[in-house]
Amino acid sequence: MRKNVIAGNWKMNKTLSEAEDFIEATKTKIPSSDKAEAIVCAPALYLTELVKRTEGTDLKIAAQTMHYEENGAFTGEISPAALKSVGVEYAVIGHSERREYYNETDETVNKKTHAAFKYGITPIVCIGETLEEREADKTNEVVGGQVEKALEGLSADQVSNLILAYEPVWAIGTGKTATAQQANEVCAFIRNVVKEKVSAEAAEGVRIQYGGSVKPANVDELLSESDIDGALVGGASLEADSFLALVEAGSK
Ligand SMILES: O=C[C@H](O)COP(=O)(O)O
């Protein structure tokens with residue numbers, strides 16, 4: 001059985017003290033469960049401190065992005081080696097905001113995914129269509145193409161261990177959630193792409209989260225769908241109580 005992944009993506013929110021308060025309020029309340037893992041994707045500046053504070057707990061810390069090179073002249077960037085050196089275990093790769101504002105492409109997403117595995121970091125690879133693409137009936141074409149390119153050159157074993165996050169761009173931060181059925185249809189399609197392009201075992205193992213206006217009020221319905229294995233949550237992950245409610249739902 002696949003374990004749900006409940007990940008709170010704070011994006012560019014919280015000061016250090018707000019981040020510390022959140023972690024102190026949640027880290028001992030994460031149910032130790034074989035049904036879910038709980039992750040906070042924090043601003044890079046706080047990763048070292050938050051990893052230290054969560055040591056020995058069931059709350060894990062992720063980076064929101066990373067570079068694909070080990071080191072070099074890339075001012076302002078953070079390498080997978082640097083993330084690994086401070087104990088970060090997961091990294092979000094190719095979030096639609098990175099694709100839109102920072103020139104992230106399917107090619108860089110693929111390079112970063114390879115680099116994450118090289119350094120023992122679990123990649124959370126984001127994919128999803130825009131409203132325009134959905135309305136033009138291109139959802140499967142767009143999402144299928146993103147998945148195929150993201151996974152290029154990975155072993156079946158690596159694919160089994162990665163996390164894909166299906167986030168329709170039109171549902172992010174808009175309050176418009178895809179219905180559970182709409183979300184599941186695309187997640188099932190993605191799993192089928194993995195089956196065809198990689199292997200049946202990889203398709204069975206890969207976790208596929210849904211993201212886009214997930215909150216405690218709609219998470220149960222989304223998680224009850226067969227091909228949705230968790231949630232990548234922005235706004236509703238910023239408050240400790242709300243994040244804990246989401247994790248609780250994933251652990252049932
Ligand atoms: O990474 C999280 C997603 O972009 C969803 O954000 P949201 O829950 O605020 O819609």
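Using the three backbone atoms N, Cα and C, a Cβ is placed for every residue, glycine included.
Unlike curated entries, TrEMBL annotations are predicted automatically.
Listed in TrEMBL:
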- His95: active site, electrophile (ACT_SITE)
- Glu167: active site, proton acceptor (ACT_SITE)
- Asn9, Trp10, Lys11, Gly173, Ser213, Gly234, Gly235: substrate binding site (BINDING)
- Ser213: phosphoserine (MOD_RES)
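Projection of TrEMBL feature records onto the structure.
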{"residue": "Asn9", "record": "substrate binding site", "DSSP (3 states)": "strand"}
{"residue": "His95", "record": "active site, electrophile", "DSSP (3 states)": "coil"}
{"residue": "Glu167", "record": "active site, proton acceptor", "DSSP (3 states)": "coil"}
{"residue": "Gly173", "record": "substrate binding site", "DSSP (3 states)": "coil"}
{"residue": "Ser213", "record": "substrate binding site", "DSSP (3 states)": "coil"}
{"residue": "Gly234", "record": "substrate binding site", "DSSP (3 states)": "coil"}
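Of all the binding-site residues listed here (Gly173, Gly234, Gly235), the one with the fewest other CB atoms within 10 A of its own CB is Gly173.
Across the structure, Gly234 (substrate binding site) and the residue listed as 'active site, electrophile' are spaced 11 Å apart at their Cα atoms.
For Trp10 (substrate binding site) paired with the residue listed as 'active site, electrophile', the C-alpha to C-alpha distance reads 12 Å. Among the binding-site residues Asn9, Trp10, Lys11, Gly173, Ser213, Gly235, the residues whose Cβ sits under 6 Å from any atom of ligand 1 are Asn9, Gly173, Ser213, Gly235. Apart from Asn9, Trp10, Lys11, Gly173, Ser213, Gly234, Gly235, the substrate site neighbourhood in this chain, defined by C-beta within 8 angstroms of the site C-beta centre, holds Ile172, Val233, Ala236, Ser237, Leu238. Note: the CA-CA distance between Glu167 (active site, proton acceptor) and Lys11 (substrate binding site) rounds to 15 Å.
Annotation for His95 (active site, electrophile): spatial neighbours Asn9, Gln64, Thr65, Glu104, Cys126, Glu167, criterion Cβ-Cβ under 8 Å with sequence separation of six or more. Looking at Asn9, Ser213, the binding-site residues in this record, the fewest other C-beta atoms within 10 angstroms of the C-beta turn up around Ser213.
Looking at the residues that bind substrate per the record, Asn9, Trp10, Lys11, Gly173, Ser213, Gly234, Gly235, the two CA atoms farthest apart are separated by 14 Å. Sequence-distant contacts (6 or more apart, same chain, Cβ under 8 Å) of Lys11 (substrate binding site) comprise Gln64, Glu97, Gly234.
Neighbour density for Glu167 (active site, proton acceptor): within 10 A of its CB lie 28 other CB atoms from the protein chains shown.
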